[in-house]
């Protein structure tokens, strides 16, 4: 996967390129990240990239010309058909389904806004999709872009040592993840559930599904409304709910 990033602060992306799973993916040649700074496309000595909005109001907007030229440069560098994304609070909220959808693209250009945003005509003429990471305000699009890169790159074949890790993560099947345990077997008097030490893979899978369903019911019940549970899942959830209510008495 190739990702081009348009940002006034390209140095921020070293946290993605130099560390963690994404860094390893780059070293393996599975992921490529290039950055373009609109300041490099200005024509004045101050390298101006912002201007006042028509109609007045607080704040500034990113100027059209440097931003458009940076996008053009990124398009020209892209190895193939490219989807251009603007990270924006007005965009579609990123969730696991959206991550998997974006992961089907081989090439992405991510535009990171600053100040009060960008000229609407840039969005209309240059942007294919707008995406948001939530209903809250940030100072720029860099952190959302890094979030998108991190989550999407997990679905690039070979990036994770075990692709099942991505498929079994929270939200991958619409549910929250089940609890996980490692050594020591007893910690502060609390033991690892015996089923996980049984070696019975069928029982372990059943326990994990039950816990996943139960945790979703407890913490994010609205997610269950979007799912068509199997008969077995319905039974497991009912069993969890019954036990939870008995334990709370």
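Using N, Cα and C of the backbone, Cβ positions are placed for all residues, glycine too.
Since we're looking at a predicted model, the values are computed, not measured.
The annotation S-adenosyl-L-methionine binding site is assigned in Swiss-Prot to 113, 133, 134, 135, 136, 137, 138. Look at residue 138 (S-adenosyl-L-methionine binding site): DSSP puts it in coil. The local packing around residue 138 (S-adenosyl-L-methionine binding site), expressed as other Cβ atoms within 10 Å of its Cβ over all shown chains, amounts to 14.
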Report summary line: Here the binding-site residues are 133, 137; the one whose Cβ sees the most other Cβ atoms within 10 Å is 133
